[in-house]
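If you check TrEMBL, you get these features:
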DOMAIN    10-279  domain 'Tr-type G'
BINDING   19-26, 87-91, 141-144  GTP binding site
Amino acid sequence: MGTTLEKEIKRRKTFGIISHPDAGKTTLTEKLLLFGGAIQEAGAVKSNKIKKGAASDFMEIERQRGISVATSVLAFEYKGKKINILDTPGHKDFAEDTYRTLTAVDSVIVVIDVAKGVEEQTEKLVQVCRMRNIPMLVFINKLDREGKDAFDLLDEVEQKLHLRVTPLSWPIGMGLDFQGIFNMWENNLKFFTEEKKQKIGDSIEIKDINDNLINDFIGDQAAENLRNEQELIHSVYPKFSKEEYLNGTLQPVFFGSALNNFGVQELLDAFVEIAPNPLPKMSDIRLVRPEETNFTGFVFKIHANMDPKHRDRLAFVKIVSGIFKRNTNYLHVRQNKMMKFSSPAAFFADKKEVVEESYPGDIVGLHDTGNFRIGDTLTEGEKLNFKGIPSFSPEHFRYINNEDPMKTKQLAKGIDQLMDEGVAQLFTLEMNNRKIIGTVGALQFEVIQYRLEHEYSAKCSYEPVHIHKACWVETDDEKSTEFLEFKRVKQKFLAKDKFGQLVFLADSAFSISMTLEKFPSIKLHFTNEF
Ligand code: G4P
């Protein structure tokens with residue numbers, strides 16, 4: 001076991017920030033980078049926001065729409081730790097991108113707007129994290145604004161997100177009366193300074209909550225409230241346990257204001273102390289541990305045409321075990337082909353750089369000319385495939401037609417590559433070979449059309465098709481009379497996905513239940529991984 005490898009693994013923390021759009025994910029990301037010294041420019045200036053600059057968006061379409069279409073990687077060092085933030089699009093139409101990114105994180109920070117509380121997108125994303133027992137920290141943001149009562153908010157988080165929470169920091173006042181934060185993690189009080197709330201005030205150490213010093217700083221009334229609230233917290237919420245946090249059964253909560261750089265350091269300090277190092281990952285044959293000396297990794301994201309001048313793609317690989325080295329032959333398991341990479345990219349806050357070696361938890365970007373698909377595994381020769389990157393049934397379906405017969409090849413190539421990237425899913429009807437595109441959000445149809453035109457010079461149009469859900473079909477016996485009968489009766493609704501798996505494109509929930517009743521030996525799945 002290489003000692004450098006072990007040391008580097010212990011240094012690494014790879015996580016994602018999830019939230020409903022506008023809760024403050026971008027702002028928090030920026031502040032974390034500021035603390036890490038990864039970016040220099042001061043905080044609360046709107047034009048510095050990452051989403052408007054070049055630091056985290058690569059694609060023109062992203063700038064155009066002002067939506068974080070892409071998932072980017074931002075790395076920084078803090079207190080000797082190497083921290084990788086995998087940014088996740090908050091827009092619901094790109095939820096599948098986010099789900100896939102969540103397969104590559106070892107923990108998550110959930111950002112919630114104090115006034116809006118738990119919103120729809122947060123609910124969905126937290127559900128995915130809960131299913132995978134990902135350790136989660138919660139950051140309640142925008143305390144400088146009037147919002148919900150802190151206790152009510154914690155109730156809401158418990159009920160709507162089904163989390164078991166315990167606060168590790170506590171707000172003193174809110175909105176105009178926001179005075180600061182009592183940090184229960186480190187037992188100190190931090191103040192919003194009186195005259196200029198954009199600055200972080202001094203902190204005082206509190207050994208005892210009954211210390212009169214508190215009254216001197218925040219006044220008698222606020223001090224009494226704080227004491228009562230602390231008493232309530234201790235009687236109502238479980239004591240923090242790192243073990244419970246790590247196994248996903250307890251979620252610590254922090255309060256603050258990302259815009260004002262307030263409460264962020266408390267969050268970050270606790271994060272570096274408790275967040276998990278790179279975790280083992282299950283493959284189809286065995287559990288792979290980061291400390292294993294042989295390199296393994298998997299593709300969780302493909303990003304096309306980062307540089308419009310070179311039509312290349314970048315496959316984002318999460319390193320699961322061993323050390324990834326430049327110019328070294330690795331096995332692309334699905335293609336059973338050895339490949340080496342001369343310019344693997346590592347990501348920093350504002351740039352990417354060719355890297356010689358990377359360690360578990362890190363993300364490397366591999367230039368790709370069309371070899372990779374989401375979910376592909378790289379190893380030093382072992383034939384294993386990492387699990388847990390399923391395609392989900394799309395929500396929207398349309399026929400896709402070629403609008404320029406001279407560009408048939410370009411269209412086919414474009415569709416093929418966009419599907420590899422996971423922008424949408426392609427289904428080919430068995431009956432007549434017509435192609436149907438399925439997406440998570442309606443916006444993707446526009447993205448596909450735009451990108452086919454701008455990147456592949458191909459034109460497409462859509463036609464409505466009435467499909468409720470894509471169901472992946474499983475049978476034990478493809479030759480059974482029942483299965484053959486199913487295929488005959490449902491002929492019109494059967495298609496193949498990109499991997500050649502049989503899919504039943506059901507037009508209603510009723511049709512699904514009828515099918516299951518009539519053909520009991522057949523199983524229908526809403527994801528392609530079963
Ligand atoms: P997102 O990535 O989750 O979508 O949210 P983002 O950080 O872009 O923040 C959304 C809006 O909320 C931004 O304002 C941002 O400045 C504001 N914001 C973030 N943190 C805080 C906070 O602690 N307090 C207050 N009061 N506002 C906060 P915007 O007006 O929508 O955008 P912009 O014009 O500032 O860019």
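The first residue you see is number 1, and the count goes up from there.
Just so you know, glycine gets a Cβ as well, placed from its N, Cα and C.
Please treat TrEMBL annotations as automatic predictions, because they have not gone through curation.
It should be emphasised that the depicted structure is a prediction, and the values quoted were computed from it without experimental measurement.
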Cβ under 6 Å from ligand 1: qualifying binding-site residues of Asp22, Lys25, His91: Asp22, Lys25
Other C-beta atoms that fall within 10 angstroms of the C-beta of Asp22 (GTP binding site): 14
Collapsed DSSP category at Lys25 (GTP binding site): helix
Packing count at Ser19 (GTP binding site) (other Cβ atoms within 10 Å of its Cβ): 24
For Leu143 (GTP binding site), nearby residues of its own chain (Cβ under 8 Å, 6 or more apart in sequence): Val114, Pro171, Met174, Gly175, Phe178, Ile181, Phe255, Gly256, Ser257, Phe262, Gly263
Among Lys25, His91, which are binding-site residues, the residue with the most C-beta atoms within 10 angstroms of its C-beta: Lys25
Protein Cβ atoms within 10 Å of Thr88 (GTP binding site), excluding its own: 24
Helix, strand or coil at Thr88 (GTP binding site) [DSSP, three-state]: coil
Across the domain 'Tr-type G' (10-279), average pLDDT on the 0 to 100 scale: 83
